Amino acid sequence: MKINHQHYRSIWRDAQSVRIIDQTRLPFAFAVERLHTHEQMCHAIRSMQVRGAPLIGAAAAYGMVLGCQQQADEQTLQNVAAQLLATRPTAVNLAWALQRMLQQLLALPLEQRAQVAWALALAIADEDVAQNQAIGQHGLALIQPLATAHPQRAVNILTHCNAGWLATVDGGTALAPIYAAHDAGLSVHVWVDETRPRNQGASLTAWELAQHGVPHTVISDNAGGHLMQHGQVDMVIVGADRVTRNGDVCNKIGTYLKALAAHDQHIPFYTAVPTPTIDWQLAEGAGIAIEMRDADEVAYMQGQDDQGQLQRLRVIPHESPALNPAFDVTPARLVSGLITERGIVTPQQLPTLEASL
Ligand SMILES: CSC[C@H]1O[C@H](OP(=O)(O)O)[C@H](O)[C@@H]1O
């Protein structure tokens, strides 16, 4: 059976536990983990078994559920939220989901919290799925004219990292318009940035697209600019971990470089972003905390050898230090538009979007 978002969500309730797809095992193994405690959910987020801004938010919500099943007094709830918040600093969805869960749980009588928490987390998950469906349809409207303009060939779209259904509860953000176009019968082809050092593109986006039957080609992170210079890219669509009031886009490290190349080559550069990923409290991207991850993620690579065995190999000298910033900030001036569930807006139109929420 093909494993795609027609069959699975990336996170779901199973009795009194939460099931996740362990994304660190893909693309070579499809493994589902069962989590029983909020500490296990903290580990799953921190180790990137679950990752992607919207999914991190939903995972945090379910982490709050697991953390309040035995005790649901305010001190317990605040402690659980603090532990979940400390897992990863950059995706605003984490803080957004925790704030929403805390506010709703504390408004409930103590004895109702453990049970109602499940419904509150599911509401966050269901909203994400609906938002991504809408993002897909709005983004499809961007792809259709490119397909009309190039009837003899596929529309070539470059994406960075993984912003597919694995990065959300379901449907994806940057990949949602691509799935919508493919499912509508349009001819699309995706350039998949490998996305060093964690290779979310090579291991997750490529896996998703292969499972869904979407034509794609994995490329090194350094190839995108060359392809743009040679007319091989019609548009760029990426995800986001945090967008600020002025439209600066924080996303996986390397996104900024793609935006620079796209701008230089007059190629449309879009970010697909559900509104919970917009941080209305932050004026511009300079204020975003950029996660610094373990340098070993740069120093080592993981893959499968020809005998099907997973190997972890060092790829830099033992004497060489490494630095591993996990995100960068693309200034709003390089962003053609933001594909939200409310429609496509330019960075300059964000205040109008905020007023409509
Ligand atoms: C749908 S947004 C996904 C967003 O999150 C990824 O980061 P990570 O894999 O470290 O959680 C990446 O920035 C994606 O664009």
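Even glycines carry a Cβ here, placed using N, Cα and C.
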Matching residue for the substrate site, where TrEMBL names Arg51, Gly52, Ala53, Arg88, Asn251, Lys252 - out of Gln200, Gln302, Gln304, Gln307: Gln200
Those recorded positions in Gly52, Ala53, Arg88, Asp241 whose CB falls under 6 A of ligand 1, listed in sequence order: Gly52, Ala53, Asp241
Integer Cα-Cα distance in angstrom, Cys161 (site 'Transition state stabilizer') to Gln200 (substrate binding site): 5
Cβ neighbours of Arg51 (substrate binding site) where a neighbour is any other Cβ within 10 Å: 26
Rounded to the nearest Å - Cα separation of Asn251 (substrate binding site) and Asp241 (active site, proton donor): 5
